[in-house]
Amino acid sequence: MTNIRKTHPLMKIINDTFIDLPTPSNISSWWNFGSLLGLCLIMQILTGLFLAMHYTPDTSTAFSSVAHICRDVNYGWFIRYLHANGASMFFICLYAHIGRSLYYGSYMFQETWNIGVLLLLTVMATAFVGYVLPWGQMSFWGATVITNLLSAIPYIGTTLVEWIWGGFSVDKATLTRFFAFHFILPFIITTLVAVHLLFLHETGSNNPMGIPSNMDMIPFHPYYTIKDILGALLLILALLTLTLFTPDLLGDPDNYTPANPLSTPAHIKPEWYFLFAYAILRSIPNKLGGVLALLLSILILIFIPMLQTSKQRSMMFRPFSQLLFWTLIADLLTLTWIGGQPVEHPYIIVGQLASILYFLLILVLMPTVSLIENKLLKW
């Protein structure tokens, strides 16, 4: 008799995705981040749902409703900090996942990669509108500054900003619609994740060597289910440590002050996971130029497959490309640091140099070095 998991229409989908899926035998722990992102998404949706039961998206009560969740709701403080720090964990996993794809050439699965870039943009949008909801000082001014960037668009800019605000400033209408966006976007993300997996399972996973994976495949269960459970336990351990010992480590103290349109914080800055893009934005004195650089810093990922000049897919056997890859990581960390600093000397020039290096590495240096490495293959 055939097993039910191989015949039942629903069970068959689960079986082909998580149980009998042929998987390369040599994928490393860098391939764990996909499942960790799935775990983060489920966790964020669940904690977010419980927070939404007590939150009120109204300018007069939003801040107090968050205080009420932390003080009066059973384990409300825990749910709130799990949700806030869960977002940080989400982005750590997301950046590790993208970094792994860049290093091992997984971007050559173009459909999977493009859906992934779309996912990144959607997650960033969700995190941005979510940060506005507690209605603290940084929520209000962050929303004002970032939405204001759209006014740099010629001709329609100002109208567009006022349309997004639902008025002439960030106010009640803005908060209400941002809550609506923050509620709906995770479900759009979930749908995109399904499409992402659909495209991935058309080709199968890449592997560290960058050679065809068909040579040596093993079933996903039990080999990679147990490996993913270990990754999940480590992620949960890290998240709980952060949430229970230093819940405000990654937050901004200004957000414990209720939003006040008449008082501007000394340093307006987004959450840490947007600081690298924020630093690139600030490095260009021209408003429109800054906005374009900000967009390009993320959208440049779409062009990565077109910039592949190497005959080898993975960087595993390409020491010069490896050097440039880790230089890029160091550059992104530098930009993240600069994004959190005030706009003054020497941070301005360091930020500008790091921004130039970021685009130079991706668009010029890495493709050029790959061509040189192709020549070295003949030695």
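The backbone N, Cα and C atoms fix where each Cβ goes, and this holds for glycine too.
Sequence-distant contacts of the transmembrane segment (33-53), counting only residues of its own chain at least 6 positions beyond either end whose CB sits under 8 Å from a CB of the stretch, comprise 69, 79-80, 82-83, 86-87, 89-90, 93-94, 96-97, 100, 182-183, 186-187, 189-190, 193, 228, 231-232, 235. Summarising the annotation, Swiss-Prot assigns transmembrane segment to 33-53 (among others).
Marked as transmembrane segment by Swiss-Prot on the basis of similarity to another entry: 77-98 (among others).
According to Swiss-Prot, the heme b b562 binding site annotation covers His83, His182. His182 (heme b b562 binding site) falls within a helix when secondary structure is assigned with DSSP.
Annotation comment: Swiss-Prot describes His97, His196 as heme b b566 binding site. All protein chains considered, the CB of His196 (heme b b566 binding site) has 21 other CB atoms within 10 Å.
Under the heading transmembrane segment, Swiss-Prot lists 113-133 (among others).
What Swiss-Prot records for 178-198 (among others) is transmembrane segment.
DSSP assigns His201 (ubiquinone binding site) to a helical segment in the three-state reduction. Around His201 (ubiquinone binding site), the same-chain residues at least 6 positions away in sequence with a Cβ under 8 Å from its Cβ are Asp16, Thr17, Leu21. Swiss-Prot lists His201 with the feature ubiquinone binding site, giving similarity to another entry as the kind of evidence.
If you look up Swiss-Prot, you'll see 226-246 (among others) marked as transmembrane segment, on the strength of similarity to another entry.
For the transmembrane segment (288-308), the list of distant contacts is 98, 102, 105, 107-108, 110, 113-114, 117, 120-121, 124, 149-150, 152-154, 276-278, 280-282, 355, 358-359, 362-363, 366-367, 370: same-chain residues at least six beyond its ends, Cβ to Cβ under 8 Å. Here Swiss-Prot flags 288-308 (among others) as transmembrane segment, drawing on similarity to another entry.
The feature transmembrane segment is assigned by Swiss-Prot to 320-340 (among others), with similarity to another entry given as support. Beyond its flanks by at least six residues, the transmembrane segment (320-340) meets 99, 102-103, 269-270, 272, 274-280, 282, 310, 347, 350-351, 354-355, 357-358, 361-362, 365-366, 369-370, 372-373 of its own chain at Cβ-Cβ distances under 8 Å.
For 347-367 (among others), the entry in Swiss-Prot reads transmembrane segment. Sequence-distant contacts of the transmembrane segment (347-367) (same chain, six or more residues past either end, CB-CB distance under 8 Å): 279-280, 282-284, 293, 296-297, 300, 304, 307-309, 321, 324-325, 327-328, 331-332, 334-335, 338-339, 341.
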Please report the distance from the Cα of His196 (heme b b566 binding site) to the Cα of His83 (heme b b562 binding site), rounded to the nearest angstrom.
24
For the transmembrane segment (226-246), sequence-distant contacts whose Cβ falls under 8 Å of one of its Cβ atoms, 6 or more beyond its ends:
29, 32-33, 35-36, 39-40, 78, 81-82, 85-86, 88-89, 93
What Cα-Cα separation, expressed in whole Å, is found between His83 (heme b b562 binding site) and His97 (heme b b566 binding site)?
21
Rounded to the nearest Å - Cα separation of His182 (heme b b562 binding site) and His97 (heme b b566 binding site):
23
In sequence order, what residues of the same chain, 6+ apart, have a Cβ less than 8 Å from the Cβ of His97 (heme b b566 binding site)?
Phe33, Gly34, Leu37
Inside 10 Å of the Cβ of His83 (heme b b562 binding site), count up the other Cβ atoms and send me the figure.
21
